[in-house]
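> Copied straight from TrEMBL:
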type: COMPBIAS; residues: 183-214; note: compositional bias 'Basic and acidic residues'
type: COMPBIAS; residues: 242-265; note: compositional bias 'Basic and acidic residues'
type: COMPBIAS; residues: 303-319; note: compositional bias 'Basic and acidic residues'
type: DOMAIN; residues: 114-155; note: domain 'UBA'
type: REGION; residues: 173-214; note: region 'Disordered'
type: REGION; residues: 242-319; note: region 'Disordered'
Amino acid sequence: MAGVSLKCGDCGALLKSVQEAQDHAELTSHSNFSESTEAVLNLVCTTCGKPCRSKTESDLHTKRTGHTEFADKTAEVTKPISLEVPKAAAMDIDEPAAADASTTSQPEEMAAPEVDKKILDELEAMGFPTARATRALHYSGNASLEAAVNWVVEHENDPDIDEMPMVSINSKVEAPKPSLTPEEMKQKAQELRERARKKKEEEEKKTEREKEKERIRIGKELLEAKRIEEQNERKRLMALRKAEKEEEKRAREKIRQKVEEDKAERRRKLGLPPEDPATVKPSAPVVEEKKSMLPVRPATKQEQMRERLRSLKQSHKDDDAKVKRAFQTLLTYIGNVAKNPSEEKFRKIRLNNQTFQDRVGSLQGGIGFLELCGFEKIEGDEFLFLARDKVDMAVLNSAGSELTSAINNPFFGVL
């Protein structure tokens, strides 16, 4: 049986004539063709008359236009294929050969095809490279922007899609006709724009997810830093309470020894014999503190404040009322500054004020305690002044805590 079509051995496409095979070879660079007894399918849409050469193409046409009725005219147009080169093509082949023979056998000059400049600019504005846009316009027949976009969609996987097409300067090459109707081209252009929109949305969602991950990471780091800070603060408070308990313990021991001495003195004055050491309950041995071999840590400002208050109480241990009044006065000064840091009257103290001298100034360590809180002597040592930019709430809070502890702790400064 004679062949009714030519089949491309590279891609399997069925072609109705030698001319179609030549056009297919130019577009795809495929060169392996053979005769086939399989007829080229010819389904014609009864609504718009568009021919479809495969079931896939008819299904795509139905999806885009809604047309569902097709007439199968394959048998009407099927005829044995002729393998002779068309005369027009033969003439076209002979003429360049004759021209080449008449000339000096110079190589044929090639140049980029002429395309619609306006449509080319629109394609480049859409982001297509110049070579791809020129190729799309040339092979879509310079018909329209939609036709060029449609050609790009159909051939986006071609290996030479970004190569500039070249045509002979001496020959007039007619651009291929578009294979889709204007309605289908508009549909394809819409699909391309929809695809670009979805891609952009996916990229935006991905960027937003990355930002959210970064926010979560930063939040976790801040929570961890806060946890460590709170843990260090708890350790500091525990160490402070431990030091206070040890101080109270030493104070009790000293008081107990003093009571024992007074008791022995009273027995001596009354003429009573000393107590039998065997009947006296031995006191708990004082454990000698081990000397640390670690380097001495510098005293903190809070420890310096505690030492100043302890020195003040020991210097006036015979007048508890005066010491307590001094502590309360200092607490009032510190509290006023902490509550009203912008009020200068609370941050400035006249040193020769009689009330200040009676309550604080004349007591050893009183002025030194205020200096640790940030106060400085100005105007020839006439005033104690705390500058607004040197008000440190953390230091003031520490000073308040130390003063409150000194007032409420009956054993403070006994040793």
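First residue shown is number 1, and so on along the chain.
Here the Cβ of each residue, glycine as well, is placed from N, Cα and C on the backbone.
A TrEMBL annotation is a machine prediction, not a hand-curated record.
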> For the domain 'UBA' (114-155), provide the mean pLDDT of the predicted model.
86
> Could you give the number of helix, strand and coil residues in the domain 'UBA' (114-155) as assigned by DSSP?
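Secondary-structure breakdown of the domain 'UBA' (114-155): 29 helix, 0 strand, 13 coil.
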> From the DSSP assignment alone, can you count helix, strand and coil residues within the compositional bias 'Basic and acidic residues' (303-319)?
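Taking each residue of the compositional bias 'Basic and acidic residues' (303-319) in turn, the totals are 13 helix, 0 strand, 4 coil.
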